[in-house]
Amino acid sequence: MSVCPAAARWAGVYRPAVSPPSAVCPADSAPLPTAADRGDMLPTEGLVQSAAAAEPAKGFIEYYVSNVKMDVTTMTYAAFMALSVACFVLLHLARHTKAQLTAASNPHFVQFQRQFFAVYFLALFSDWLQGPYVYKLYSHYGFAEYQIAVIYVVGFAASVVFGTATGPLADRFGRKKTCIAFSVAYSLCCLTKLSRTYAVLLLGRVFGGIATSMLFSTFESWYVYEHVETHDFPAEWIAVTFSKATFWNGILAIVAGVASNMAAEWLGFGPVAPFLMAIPCLVACGGLVSAQWQENYGNQQINLRRSYINGLRTILASEVVALLGLIQSLFESVMYMFVFLWTPILDPSQPPLGMVFSCFMVCIMMGSSLNTLLMGRGMRPERVLTLAVAINIVCMLVCTVATGPGAAMPGLAFAAFLFLELAVGMYFPSMGYLRSQVIPEEQRASIMNWFRVPMNLITCGGLLWLHQGESAGGNQVIFMACAGLLMLALVACLRFSRRYQETRLPEKDLTESKPSAL
């Protein structure tokens, strides 16, 4: 089967049927049929030398992008191996920081961590199993890109409409029960993937949106309460747990990426196989929660409406909380738009999607270890957060160049994606620690779900605007918009760092003045 010239040019793959010198006859001869006429090579092949002579720099880039043979599969596996080596070097260095060594020496804390991780990692693993093939499954079912975008938007909209209720309900009826409900809702979401009916898939995304809200709020709320209130461990060890969770989250995602790739290719179900594999993990997650976790609550007396209002009032009354919520909403909305964009950008090059996904997760692990190293050397978590946002801005700007309609460069886009995931790995431990310090315990779940409202609205708006018909602005415009959002997040980070230190300074001064006062 011949390769579409436009698709081959966008993918940066050159597979000529004949060598370039024979593509055009001498001047005194009639032109022979070229590969471009047959549709299996680029139509501009014979003009590369003249274009390079006229515009050397531009010609070199276009030659490299369009006319160099590239084994994408080999490149992906080589990147995975190189990143893995760098990751374990960073891990070895991170293990010797003071906070890690102190926390690891406490057997009760280690046992508590393992109890939390056994459940949390099963939940994350079930989520990651689905990651590489969400877009691919909908495409496999024959839906157009705009229809797929609508399915994504329905999931984010469900998080806005129903997700904000999960926090107050968890506080009132119990976070343990809510985590069990997560396992049920996400299992239903996976089962709907067996249907090719568009309405059923939309319903599945509603279940998925609700479950995602539970995953990224209730589990953390349960842990922080147990860490502080039940076990009375030092607050700085919360950052140790979140850093370790981010690192092992990357390990789980790598395994999930490889496993989903194998299941989709070797089993007879195709792209739906990873979703079926996730169901036993979710059942085991719910079973462990039921058997091993104890119940804890937030504010049980307050009603649902008052919980919403009080959470929103706290955000509006505290500049530090509002700024942190703004940073989270902007950063994570860009992250979720990237989740939708990376597959259609790289898929024309036909890379192994599971291994590409695994490369991304290795970078997240590297970011987590880098976060530990930086904080171990005295860098404050709010500064690490600012650095992560700055790195992502650079990545978005590179992606605007790499996805241009004139000469798309998937190799450059892939490199930018790797650094983007590195920044994500640095972001999550810092954000998790800062949330534990800034958000009041009795309103934690409610406020965290309020943070997700603007994030979901931004993501929905971005995806709908991207696919608002045939005149859509394209990926390049979306990446430019993402860079603008992150620049706003960077300004918020700088303001947050200053205000956060001002709110903590009086406590530090008071603590230091106690010995002299006595």
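Any Cβ shown, glycine's included, is placed from N, Cα and C.
Sequence-distant neighbours of the transmembrane segment (75-94) (same chain, 6+ residues past either end, Cβ-Cβ under 8 Å): 100, 243, 247, 250, 351-352, 355-356, 358-359, 362-363, 365-366, 369-370, 372-373, 376, 411, 414, 418. Summarising the annotation, TrEMBL assigns transmembrane segment to 75-94 (among others).
Counting same-chain residues at least six beyond the ends of the transmembrane segment (115-134), those with a Cβ under 8 angstroms from any Cβ of the stretch are 179, 182-183, 186, 190, 212, 215, 219, 223, 226, 241, 244-245, 248-249, 252-253, 255-257, 259-261, 264, 271, 274-275, 277-279, 281-282, 284-285, 288-289, 292-293, 339, 343, 353-354, 356-357, 361. Annotation comment: TrEMBL describes 115-134 (among others) as transmembrane segment.
Taken from TrEMBL, the feature transmembrane segment covers 146-166 (among others).
Marked as transmembrane segment by TrEMBL: 202-225 (among others).
The transmembrane segment feature in TrEMBL is assigned to 272-293 (among others). Listed by sequence, the residues of this chain that lie at least six past the ends of the transmembrane segment (272-293) yet keep a Cβ under 8 A from its Cβ atoms are 115, 118-119, 122-123, 125-127, 129-130, 132-133, 137, 176, 179-180, 182-184, 186-187, 190-191, 193-194, 222, 256, 259-260, 263-264.
The feature transmembrane segment is assigned by TrEMBL to 314-341 (among others).
What TrEMBL lists as transmembrane segment is 353-373 (among others). Within the chain carrying the transmembrane segment (353-373), a Cβ under 8 angstroms from the stretch's Cβ atoms is held by residues 76-77, 79-80, 83-84, 86-87, 90-91, 93-94, 97, 99-100, 128, 131-133, 136, 243-244, 246-247, 249-254, 256-262, 264, 342-343, 346-347, 384, 388, 414, 417-419, 421-430, all 6 or more beyond its ends.
As annotated by TrEMBL, transmembrane segment applies to 385-403 (among others).
Feature annotation from TrEMBL assigns transmembrane segment to 409-428 (among others). Outside the transmembrane segment (409-428), and at least 6 residues removed from its termini, the chain residues within Cβ reach (under 8 Å) are 10-12, 61, 65, 70, 72, 75, 79, 83, 242, 246-247, 250, 331, 335, 338, 342, 345-346, 348-349, 356, 359-361, 363-371, 374, 384-385, 387-389, 391-392, 394-396, 398-399, 401-403.
If you look at the transmembrane segment (449-466), the same-chain residues 6 or more away from its ends with a CB under 8 A from one of its CBs are 149-150, 152-153, 156-157, 159-160, 163-167, 213, 216-217, 308, 311-312, 315, 324-326, 328-330, 332-333, 336-337, 340, 472-475, 477-478, 481-482, 485. According to TrEMBL, the transmembrane segment annotation covers 449-466 (among others).
Same-chain residues lying 6 or more positions outside the transmembrane segment (478-496) and placing a CB less than 8 Å from one of its CB atoms are 320, 323-324, 326-327, 330-331, 333-334, 337-338, 341, 382, 385-386, 389-390, 392-393, 396-397, 399-400, 403, 458, 462, 465-466. Among the features that TrEMBL reports, transmembrane segment is placed at 478-496 (among others).
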